[in-house]
Amino acid sequence: MTTTENARKPSLPIVENFTRRAAVKGGFATLGAAAFVAAVSPLRQAAEDKSAAEFMQQHYTELSPQQKADVIARLEAEAKENYGADVTIADDRPIPGTKFVYAINLSVCNGNGKCVEACHKENNHDRDTNQSYIRVLEMPKGTMDMEKGNTTYTGAVPQDDKFYLPVQCQQCDEPPCVDVCPVKATWKEEDGIVVVDYNWCIGCRYCEAACPYHARRFNWKKPEVPADEVNPDQSYLSNRIRPVGVVEKCTYCLHRTRRGKLPACLEACPTGARVFGNILDKDSNIRWILENKRVYILKEELGTKPAFFYYFD
Amino acid sequence: MSSITTTPQPNEPNGKQSHITSYPKFIGRSLWLATEGSFAFYAWMTMLTALFLVGANAWANQVAGGMIATNMTDQVSWGLYIANFTFMVGLAAGGVMMVIPAYLYHDRKMHDVVIIGELLAIAAIVMCLMFVVADLGRPDRFWHMLPIVGKFNWPISMLTWDVIVLNGYLLLNLHICGYLLYMRFLGRKPNPTWYIPFVMLSIVWAISIHTVTAFLYCGLGGRPFWNTALLAPRFLASAFVSGPAFIIVSMVLIKRLTGVGGLDQPIATLTKIIRVTILINLLMVASELFTEFYTGGSHVSAAKYLFFGLHGKTALVPWTWTAIGLNVTAALLFLWPGLLRLRWRPLLVTACLMAFVGAWIEKGMGLIIPGFVPSTLHEIVEYVPSQLEWKVTVGIWAFGLMVFTVALKTALPTLKHPAEH
């Protein structure tokens, strides 16, 4: 191969034998492109599981009633196809004049973990990873330092020298998880519940990093739930089976509580340690407790203003 | 485009039209040139392509099967990808350490080679964006992050700020490099109005990309290990070590492989910069450790885990002490005045590599992981990257090096015959 003399003086050298070189380079480029297509071929399979309608779906708050109905019909069909379960997905909206708060009586909670289990079943969590929105810490008496707690305790409960601290989403009034979300996939509703649009979340897990209460969970894989164990009473913003690759969280069981029922964890609690209600209702039990008991919140110094309270008798 | 008065192609009717035809020609010629080279060059590019394909395949499998294939958990929800992302932002910002002497202090020698730093910034930002995409659970929903078509949580989310500053920095550097090389291609003198303001802006912008990236972490009150005002300055200090270190090694290689001259003085300037920044970085690390360990309390547990292990869990301890060993040794080498002598070049390269790897560990595994250990409920869940994560990471690094190599090849004629401007 010869190089040209610098007579024509363009600053970049010109290579002769253009066509032969071009052919060789083109050949290698084609080879590279083919290898690339082969390398990323698993993507094709991933794409087959997702419809164009899902890809194009707008944010929950921007869907028209008709679009919402279409989306829900599609999600119900997908549940049938993927899980073999007949489910109903409702679009439960906040009840005006309602602000939900939760309280736990630490004098009574004995760490039996029934709430954890009930949450797991109610919210159609992945059976394989045994996921739940609730974590219970076994704490030595005489400290509030979580450092000294243990989330993986086993054996008989309650232990004499221990107390039990269940932690779940605190539905903060200043939620750091909502602030950090780059796409507004998570927000706080009027009744105080922080929700996630599972069809808008991009799975960056920044909210998971921001949450001081370990309240958020990521779907590291496609959830597995046997057809006969699927809870068919679902809502778009709460316990419908989540897609892979998105973040989810406790919604105070809004598919129950917005229909006048109590959260699953509360119903499952055998000790009566859990109290739930509308703080705006002057006659409610929860209001009486917050006014008359020694109440405190977790990590108050962070300024997250939880709507989740702990109290002692 | 009215500033162009001398037109080398007389057959073009006016300046505007000539750009429409000659800019694509410039791009095509550059790409053609970038694929010309010796056997060693082709071997190097083939190796990088192979590594990139391995990474692409691993990533495709991750998307198909879910991120369960990584070793991340709900407790440690960010891992190797975000660790590398953080480090790469630093590398991109560090490139500016060539721009400052060149344009603020009118260092002539630096002027001729400043484009190396800018090209590094381009390659590093491309890698940053790839690491972020690799970390997304739903990369198919990437468009949700775009302003207007998606839902952009600006100005509240720091991540949206990061999207803006990183892409802005990429565009700035693409413009500066593209313009300078294009003018060179046309055989014209670059018009300062078209690039000097952008160069000045890129100095401020380089600081901003690393500051915003630090704010991503230090703005989280629930993560005491990150929640320190010193994080952004620390990020910058270590960026101004790793960036120049990488460029010094690149320049030593360029000098050896291509015969580009005039690199010794820029190498000396960058070495002098590292002498200062590496000490500032160590000082800041020491300050943080002092407040952590002298005060004690619950805030110290992440630092304890990092340096000594906590409750018998010690996965990060070897990483940490390796980083400290590398950083301190590199600092001592840089302090030795003889390091700049030509016969000690291999030692200089060694010192640079040590500082580079030290910063990589410090900004990556040493910063991201201890933010999650212990978790916010003080569970200690350890994290060691999975094989798939390593493959994806290596693939992205290979791609970044490919971009950098191709970009440098394009700039070689300019580097060989620097124009006087």
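Even glycines carry a Cβ here, placed using N, Cα and C.
Positions annotated as transmembrane segment by TrEMBL: B:39-60 (among others).
According to TrEMBL, the transmembrane segment annotation covers B:80-106 (among others). Tertiary neighbourhood of the transmembrane segment (B:80-106): same-chain residues 70, 113-114, 116-118, 120-121, 124-125, 127-128, 131-132, 134-135, 166, 169, 196, 199-200, 202-203, 206-207, 209-210, 213, 235-236, 238-244, 246-247, 266, 269-270, 273, 359-360, 363-365, 367-369, 385, 389-390, 392-393, 396-397, 400, selected by CB-CB distance under 8 Å and a gap of 6+ residues from either end.
According to TrEMBL, the feature transmembrane segment maps to B:113-134 (among others).
Residues or ranges marked as transmembrane segment in TrEMBL: B:154-182 (among others).
Residues 3, 86, 89-90, 92-93, 95-96, 99-100, 103-104, 118, 121, 158, 161-162, 165-166, 168-169, 172-173, 175-176, 179-180, 231-232, 234-236, 239 of the same chain lie 6+ residues outside the transmembrane segment (B:194-215) yet bring a C-beta within less than 8 angstroms of a C-beta in it. Residues or ranges marked as transmembrane segment by TrEMBL: B:194-215 (among others).
Residues or ranges marked as transmembrane segment by TrEMBL: B:235-254 (among others).
Within the chain, the transmembrane segment (B:274-296) has long-range Cβ neighbours (under 8 A, six or more residues past its boundaries) at 228, 230, 233-234, 237-238, 240-241, 244-245, 248, 303, 327-328, 330-331, 334-335, 352, 355, 359, 362. For B:274-296 (among others), the entry in TrEMBL reads transmembrane segment.
The transmembrane segment feature in TrEMBL is assigned to B:316-335 (among others). For the transmembrane segment (B:316-335), the list of distant contacts is 271, 274-275, 278-279, 281-282, 285, 305-309, 347, 350-352, 354-355, 357-359, 361-362, 365-366, 369-370, 373: same-chain residues at least six beyond its ends, Cβ to Cβ under 8 Å.
Within its own chain, the transmembrane segment (B:347-372) is flanked in space by residues 75-80, 82-84, 86-87, 90, 217, 223, 225-226, 235, 238-239, 241-242, 245-246, 248-249, 252, 267, 271, 274, 278, 281, 285, 302-303, 305-306, 316, 319-320, 322-324, 326-327, 329-331, 333-334, 339-340, 381, 383, which lie at least six positions past its ends and keep a Cβ under 8 Å from the stretch. Per TrEMBL, transmembrane segment is recorded for B:347-372 (among others).
Summarising the annotation, TrEMBL assigns transmembrane segment to B:392-412 (among others).
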Beyond the flanks of the transmembrane segment (B:235-254) by 6 or more, those residues with Cβ under 8 Å of it: 86-87, 89-98, 113, 116-117, 120, 207, 210-211, 213-214, 260, 263, 266-267, 270-271, 273-274, 277-278, 280-281, 284, 345, 348-349, 351-353, 355-356, 359-360, 362-363, 404, 408, 415
With Cβ distances under 8 Å as the criterion, find the stretch in B:113-134, B:154-182, B:392-412 that has the most pairs with the transmembrane segment (B:39-60). B:392-412
